[in-house]
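Peer 1: Reproduced below are the annotations present in TrEMBL:
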| type | residues | note |
| --- | --- | --- |
| ACT_SITE | Asp31 | active site, nucleophile |
| ACT_SITE | Asp33 | active site, proton donor |
| BINDING | Asp31, Asp33, Asp247 | Mg(2+) binding site |
| BINDING | His190, Lys221 | substrate binding site |
Amino acid sequence: MAGAFGFKGCQKIRGPQIRNLLEAKDFFLFDCDGVIWHGEKAITGAAKVVNSLIRQGKNVVFVTNNCTRPRENYVHKFYRLGFTDVILEQIFSSSYCSALYLRDVVKVCGQVFVIGCDGLRRELQEAGIPCVEEADDPDATIYDCALAPDVKAVLVGHDDKLTFLKLAKASCYLRDPDCLFLATDNDPWHPLSGGRILPGSGSLTAALEVASGRKATVIGKPSRFMFECISSQFRGVDPAQCLMVGDRLETDMLFGSNCGLDTMLTLTGVSQIEEAQEYRNSDLTTNHSLVPDYVVDTIADFLPAFEELDEQSN
């Protein structure tokens, strides 16, 4: 589709170009952190953009690697921040998709050992997937702790209470070649205020990959599985009619590329246009999958296009 508008790769668009894109696409996929909001503050204009797309009959979904909260909590957050038209069925988190993968794809028979927050466990429990209960004595070590006998999968997500014992237990379970090794996502870190960073699920997964000598199957972006979840729940999803909007080249743009979607980078989050241009100019062809088709400063740049469309309809 990028070629249809006369430009290709990493080009900033505005005004008429955005309007043409909005008319051409039927399905919009948005990342959340850095695109829709920063923490508990919505990005200016984002709620109006999302609500306008929905009211115009466009399909809108949210694809997030944040696995720390169940989908119902996301619905409350959307509403609290002014996204009043968003419903549960539009939200695809890496925790929800991990539950679908375990239940519907591999049909796991046995318990799942979870390295992750309560939100991840709740998504698994709502899907009917039993999790190993953590009931160790505070002084327990890998030398004397109990190991569950029927663990059929280890799932790693964001865990701000990670302990050496959890890591050691997971390593023991993964010595069984029939025990699945899954990760909600491979995000290495997340930005915090004041220039600090928060280690992501990918950093925890990397530690367990080294300890176990195995590679995890990643469920969230940039894996195609999240798009397969969307396609299974929305009829007639055509990749050519989709636009993936995100703020991170290595996850959002690569996810779109892996799924055959046009991609748009918004500069309100992690990645900046200079990084995208470096990937575009790279001699490594694999880096070209990280290059967005379109770039906007913020998704609020959509708003003038909506006004033009409203004027045309009146």
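Counting begins at 1 with the first residue displayed.
Glycine too: its Cβ is placed from the backbone N, Cα and C atoms.
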Peer 1: If you measure Asp33 (active site, proton donor) to Asp247 (Mg(2+) binding site) at Cα, how many Å is it?
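Peer 2: For Asp33 (active site, proton donor) versus Asp247 (Mg(2+) binding site), the Cα atoms are 8 Å apart.
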Peer 1: For Lys221 (substrate binding site), just count the other CB atoms lying within 10 A of its CB, please.
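Peer 2: Around the Cβ of Lys221 (substrate binding site), 32 other Cβ atoms lie within 10 Å.
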Peer 1: From the recorded positions Asp31, His190, Lys221, pick the residue whose C-alpha lies nearest to the C-alpha of Asp247 (Mg(2+) binding site).
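Peer 2: Nearest in space to Asp247 (Mg(2+) binding site), counting only the recorded positions, is Asp31.
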Peer 1: Applying the rule Cβ within 8 Å of the centroid of the Cβ atoms of Asp31, Asp33, Asp247, what extra residues of the same chain belong around the Mg(2+) site?
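Peer 2: Result: Cys32, Gly34, Val35, Ile36, Thr64, Gly246, Arg248, Asp252, Thr266, Gly269, Val270.
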Peer 1: Suppose we draw a 10 Å sphere around the Cβ of the residue listed as 'active site, proton donor'. How many other Cβ atoms does it contain, all chains included?
Peer 2: 19
Peer 1: When a 10 Å sphere is centred on the Cβ of Asp31 (active site, nucleophile), how many other Cβ atoms does it contain?
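Peer 2: Other Cβ atoms found within 10 Å: 24.
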Peer 1: Take the C-alpha atoms of Asp31 (active site, nucleophile) and Lys221 (substrate binding site) and report the distance between them in angstrom, rounded.
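Peer 2: Lys221 (substrate binding site) has its Cα 10 Å from the Cα of Asp31 (active site, nucleophile).
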Peer 1: Tell me, how many other CB atoms lie within 10 A of the CB of Asp247 (Mg(2+) binding site), whichever protein chain they belong to?
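Peer 2: Within a 10 Å radius of the Cβ of Asp247 (Mg(2+) binding site) lie 25 other Cβ atoms.
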